[in-house]
Amino acid sequence: MQQQKPLEGAQLVIMTIALSLATFMQVLDSTIANVAIPTIAGNLGSSLSQGTWVITSFGVANAISIPLTGWLAKRVGEVKLFLWSTIAFAIASWACGVSSSLNMLIFFRVIQGIVAGPLIPLSQSLLLNNYPPAKRSIALALWSMTVIVAPICGPILGGYISDNYHWGWIFFINVPIGVAVVLMTLQTLRGRETRTERRRIDAVGLALLVIGIGSLQIMLDRGKELDWFSSQEIIILTVVAVVAICFLIVWELTDDNPIVDLSLFKSRNFTIGCLCISLAYMLYFGAIVLLPQLLQEVYGYTATWAGLASAPVGIIPVILSPIIGRFAHKLDMRRLVTFSFIMYAVCFYWRAYTFEPGMDFGASAWPQFIQGFAVACFFMPLTTITLSGLPPERLAAASSLSNFTRTLAGSIGTSITTTMWTNRESMHHAQLTESVNPFNPNAQAMYSQLEGLGMTQQQASGWIAQQITNQGLIISANEIFWMSAGIFLVLLGLVWFAKPPFGAGGGGGGAH
């Protein structure tokens, strides 16, 4: 990295807005389409299962391209790569919006996923490298807010657009944001390019990465639909992923110019930070996916209202993050993360105790609001720990690798959560159904009560079956909340293996 004077004043503010908007745009796009899949599939004359490839295609392409960011940044420069990625993302978004067939949409979602990969790691790296060292914690805090708020806004915005406008606007909204990001970046970072190196292309590493991570991501996305290892396709994808990733690790550790710099894991703080942020994000993101589905399927919420019930989690971080960033240099990051994990556990236990049939909007919204304290003390401190002790020229590679592990953990968390939810519901459904028989006086009393309300026996059976399904879904969700709370308490000990001092992005030690 060329040693340049950090930005100041208005230039610093404009750059912060530009990089935060780019992060917001990319994270938003990974969740905004989820609730609109039925609308998109119906409009393009496809089945719902075919429509899910709109999500899968983006996730696979994005998972492959994120780890490449460090190598690409060394090759072409961080500023240039960031600008071209933003421009390409805006163009691909427009192309997604005008797609007239599902195949066309999936093709442009792949392009969108590929060019989106560098946006988050580079926004993080450029932010840290152009901020005054004393203010880097504030920069990370502001950046973290966008990562927190965007996944919450996605389902709300996606639901509102698909309910009221053409689904194409889900993608069109990226175009003006992309243009604004490019203009602001040119104004502030032109002439501040990072040093480049003419490195040969690690073709073997690239091929293994594409095959291994691509197979793994498709397996995670398609597993639940295909009933996991009952499907030959899932078994083949798993074998291919395991073999390719094992070869990738061996190859990258022995190659002179690796496309993924695994030597970063020699840093104790990088390894501990990646582990903590990935495992915690796995639980956090799994709940982000589970909660709206539970509210829609059991409690009859619309997509928009389910999103609004999840939204309060973003309120506290918006208020607290700048304050935490301001005083971060006086705080032990491990204490903040410990507080965060305790609050996560408290909120998951809270849900497990209070989620029941007939609960109101507040029963869902209040735990989300309080969980905001956990989220505010999560991303920024763990990112600071992860990047501490690394020289500026390794920040892009470190940021891309840590964001890759976090993104992959989110996919794994989603798959595990939704699969457990479905499987446990089936088990509870079978157990609850056993009690509905002619020999159970409570069951017969319920039938009599329903028939007294004018239902036929068939209608009463259907109503009871639906209630059993709802009970099973609630019980299985509560079991997941119990398990998540327990794992957060176990994670408390892991963060204390990190070694201070924790300077944000290059400042401070960090054990090697």
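Positions of Cβ are set from backbone N, Cα and C atoms, glycine also.
If you look up Swiss-Prot, you'll see 1-12 (among others) marked as topological domain 'Cytoplasmic', on the strength of sequence analysis.
The transmembrane segment annotation in Swiss-Prot covers 13-38 (among others).
Sequence-distant contacts of the topological domain 'Extracellular' (39-51), counting only residues of its own chain at least 6 positions beyond either end whose CB sits under 8 Å from a CB of the stretch, comprise 33, 99-102, 105, 162, 167, 225. Taken from Swiss-Prot, the feature topological domain 'Extracellular' covers 39-51 (among others), and the record attributes it to sequence analysis.
According to Swiss-Prot, the transmembrane segment annotation covers 52-72 (among others). If one looks beyond the transmembrane segment (52-72) by at least 6 residues along the same chain, the residues whose Cβ comes under 8 Å of a Cβ in the stretch are 29-30, 33-34, 37, 40, 81, 102, 105-106, 109-118, 120-122, 199, 202, 206, 209-210, 213-214, 216-218, 221-222, 225, 258-261, 396-401, 403-404, 407-408, 411.
Residues annotated as topological domain 'Cytoplasmic' in Swiss-Prot: 73-81 (among others). Within its own chain, the topological domain 'Cytoplasmic' (73-81) has Cβ neighbours under 8 Å at 118, 122, 125-126, 129, 185, 189-190, 192-199, 396-397, 400, counting only residues six or more beyond its boundaries.
Model confidence over the topological domain 'Extracellular' (101-109) is summarised by a mean pLDDT of 91. The annotation topological domain 'Extracellular' is assigned in Swiss-Prot to 101-109 (among others) on the grounds of sequence analysis.
The transmembrane segment annotation in Swiss-Prot covers 110-128 (among others).
The feature topological domain 'Cytoplasmic' is assigned by Swiss-Prot to 129-136 (among others), with sequence analysis given as support.
Only residues 6 or more beyond the boundaries of the transmembrane segment (137-159), in the same chain, are considered here, and those with a CB under 8 A from a CB of the stretch are 16, 19-21, 23-24, 27-36, 120, 123-124, 127-128, 131, 170, 173, 285, 288, 292, 302-304, 306-308, 310-311, 313-314, 317-318, 321-322, 324-326, 328-329, 375-376, 379-380, 383-384, 504-505. Swiss-Prot lists 137-159 (among others) with the feature transmembrane segment, giving sequence analysis as the kind of evidence.
Feature annotation from Swiss-Prot assigns transmembrane segment to 165-189 (among others); the stated evidence is sequence analysis.
Residue counts for the topological domain 'Cytoplasmic' (190-202) under DSSP (helix as H, G, I; strand as E, B; rest coil) come to 0 helix, 0 strand, 13 coil. Look at Swiss-Prot and you will find 190-202 (among others) tagged as topological domain 'Cytoplasmic'.
Remote same-chain residues near the transmembrane segment (203-223) are listed as 52, 55-56, 59-60, 63-64, 67-68, 233-234, 237-238, 240-241, 243-245, 247-248, 251-252, 255, 258-260, 408, 411-412, 414-415, 419 (criterion: CB distance under 8 Å, separation of at least six residues from the stretch ends). Residues annotated as transmembrane segment in Swiss-Prot, with sequence analysis given as evidence: 203-223 (among others).
Outside the topological domain 'Extracellular' (224-233) by six or more residues, the chain places 49, 52, 415, 418-419, 422 with a CB less than 8 A from a CB of the stretch. Residues or ranges marked as topological domain 'Extracellular' in Swiss-Prot (evidence: sequence analysis): 224-233 (among others).
Look at Swiss-Prot and you will find 234-249 (among others) tagged as transmembrane segment. Cβ atoms under 8 Å from those of the transmembrane segment (234-249) belong to residues 205, 208-209, 211-213, 215-216, 218-219, 222-223, 226, 228, 260, 262 of the same chain, restricted to positions at least 6 beyond its ends.
Within the chain, the topological domain 'Cytoplasmic' (250-271) has long-range Cβ neighbours (under 8 A, six or more residues past its boundaries) at 67-68, 70-71, 199-202, 204-206, 208-209, 385-390, 394, 397-398, 401-402, 497-499, 502, 510-512. According to Swiss-Prot, the topological domain 'Cytoplasmic' annotation covers 250-271 (among others).
Residues or ranges marked as transmembrane segment by Swiss-Prot: 272-295 (among others).
Residues 31, 35, 151-152, 155, 265, 301, 303, 305-307, 309-310, 337, 340-341, 344, 348, 355, 364, 368, 375, 378-379, 382-383, 385-388, 401-402, 405-406, 408-410, 412-414, 416-418, 421, 473-474, 477, 480-481, 484, 487-488, 491, 494-495, 497-498 of the same chain lie 6 or more positions beyond the ends of the transmembrane segment (272-295) yet place their CB under 8 Å from a CB of it. Note on the transmembrane segment (336-355): residues 276, 280, 283-284, 287, 294, 324, 363-364, 367-368, 370-371, 373-378, 381-382, 385, 474, 477-479, 481-482, 484-486, 488-489, 491-492, 495-496 of its chain, located 6 or more positions outside it, place their CB under 8 angstroms from a CB of the stretch. The highest tally of CB pairs under 8 A with the transmembrane segment (482-504), across 165-189, 306-329, 364-387, is held by 364-387.
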